[in-house]
Amino acid sequence: MGRPPCCDNGGAGVKKGPWTPEEDIVLVSYIQQHGPGNWRSVPEHTGLMRCSKSCRLRWTNYLRPGIKRGNFTPHEEGIIIHLQALLGNKWAAIASYLPQRTDNDIKNYWNTHLKKKVKRLQQQTTHPADHSFQQQTTTAPNAASATTSSNYYNPISSSNLEATTQAMAYRDTTPGSEVTTIGTVSKLFQTWMAKAPPPAVAQDYKAMVTMQEFQQDQEARPAGFVITGDITSHGEADQSAAATFSLLENWLLDDMAPGQAAMDGLMDMSASCCAGPIMF
DNA sequence: AAGTGGTACAACCGCGAACGG
DNA sequence: GCCGTTCGCGGTTGTACCACT
């Protein structure tokens, strides 16, 4: 089977590079009317000089409502580090545990921040006498306050370090037996969470169950409804979706900075609707 | 102020899986 | 079952920004 022709390869007049706010608006407007999916038809119907793949990526990685950008919390870092240890570079699978983050975002954050951090972590475990990493992290500006936060999870605390290195050892010493199913990962992840619950949030362990329910709920929905978090389960899909797109358009039209408040509203909406599943 | 190196992130590329006729 | 097409994923690249010299 030969490779199908792709608009990406030498397509005449296909625009590449950064998206403009105008292009974003056109794309959002189209998806607002037709829903995400059928990406092939998007450039044809919108007049965008972009290939379908580019449209899909722009939507899923940037325009999709409910995306939380930047400022990964230490708790999120811990989740990513541990799931990466369990799953390897299965960014989409890891992202499924962090509904507000995109796989691309997680992948970038791993490559730019966490990979180095874990490398230092592993060096430290190999050379326990060297406490430079721990000293560095515990004296970081946000770490001091974060340790008092109710939802803070320290990925390098002794118990969590043990759990994480065990997970790494499990993956590294069992070639071919890499964790492959969400169910298996969930069990391991629950074991990890039970072994190393975040301080002051151990009572929220049941949130893990909620997360599973959330995932099952997401899987059961039509693809187009997954994007807005959990609002559909509250029977407010139509109104919320419309409000979401209005906020998004305002955000785009306001040329980023002034529209931050609108985006914050979007984030709040998403956070409130997804608060259960993503809190551990 | 200009040059340089490092960092962060958006976007692209290529491949394989999934799907439908 | 075969084939064409679409979609999703992971790796990589391009570039803007920032800190430092």
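Every residue, even glycine, has its Cβ placed from backbone N, Cα and C.
So that you can see what the record holds, here are the features copied from TrEMBL:
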- A:11-67: domain 'HTH myb-type' (DOMAIN)
- A:11-63: domain 'Myb-like' (DOMAIN)
- A:64-114: domain 'Myb-like' (DOMAIN)
- A:68-118: domain 'HTH myb-type' (DOMAIN)
- A:119-151: region 'Disordered' (REGION)
- A:134-151: compositional bias 'Low complexity' (COMPBIAS)
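Mean pLDDT for the domain 'HTH myb-type' (A:68-118) in this predicted model: 85. Taken through DSSP, the domain 'Myb-like' (A:11-63) splits into 32 helix, 0 strand, 21 coil.
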